[in-house]
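Only one structure is covered here, and it is reproduced in the block below.
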Amino acid sequence: MSSMNKRVFDILRELDSLVDFSRAKLQWDILIILATKGPSSTTEISQTINTSRKSIIDAIRKLVDKELVTKVKGDIYGLSEKGEKLLESFDSIMSINVTDKPDSSIESNSISLTNIAEYFYMLEILKMALLNKQITIDKASHELGISKQTLKYYIETFTENKLLKVVNQESVLGKSKKIYVLTDESRKLVSRLPELTRLKRNLPLKILLKLTGSYRYEIALTKVMLFNVISIPVLMYLKDQLGILEAIWLYVIILLPLLSIFAEIFNRI
């Protein structure tokens with residue numbers, strides 16, 4: 001790996017260790033707002049990104065703990081010196097190629113990290129494709145909470161940069177649909193980012209996502225909680241009528257939360 005590429009990946013590791021892109025988008029939104037607008041109140045931040053003030057306060061508390069944000073006065077917060085350096089580190093890798101290829105093909109295979117949002121979605125999409133082998137725009141956009149058009153833009157960008165490749169898959173009904181899978185180039189990137197490397201080894205998470213039909217841990221966890229909230233009262237009401245199904249149902253109620261717990265533990269190892 002060239003010295004420039006090594007520097008890029010070192011910076012990416014540093015960024016990922018300070019604020020986990022794949023799990024803390026709200027924190028990055030706050031950092032971006034403070035970087036562009038300057039010191040702001042929690043109410044202003046809440047209105048800007050259309051998120052509850054309580055969520056903003058919780059996220060800011062975590063950023064303060066990480067020494068990325070500091071209280072200016074009262075309810076107003078601004079970037080700390082460490083926070084400013086974090087964004088400067090990101091700026092330093094904008095438009096830098098992150099490919100090992102030294103020949104003329106380097107231009108078409110390079111990743112231009114034009115903004116933090118692009119980096120966030122790059123990691124999220126790589127993460128989903130890594131855990132689920134393949135992704136579709138419809139399902140991925142729903143789980144990320146963004147429009148299909150927005151996600152399509154990012155996916156097409158990453159496809160052009162050789163991070164994803166499109167495959168036409170035929171359904172049982174004979175209809176063709178586009179799915180996206182990782183390329184060899186993106187697998188190299190995955191192997192160099194700690195967060196994605198941990199996910200690759202996270203078997204409980206892969207099983208949980210498969211059982212719940214989800215791309216992301218947060219969505220799977222929501223489905224598990226909803227399933228248990230509905231199932232437990234129903235099971236108690238019908239317990240004398242289900243027979244062997246009662247034992248199976250109870251097993252699933254216990255299994256899913258356990259998988260959720262182990263998935264989180266494995267992600268921290």
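Residue numbering: from 1, along the chain as shown.
Quick reminder: no glycine exception, Cβ is built from N, Cα and C everywhere.
Annotated range for DNA-binding region in Swiss-Prot, selecting from 42-65, 66-89, 138-161: 42-65. For the topological domain 'Cytoplasmic' (263-269), the list of distant contacts is 198-199, 201-205, 208, 217: same-chain residues at least six beyond its ends, Cβ to Cβ under 8 Å.
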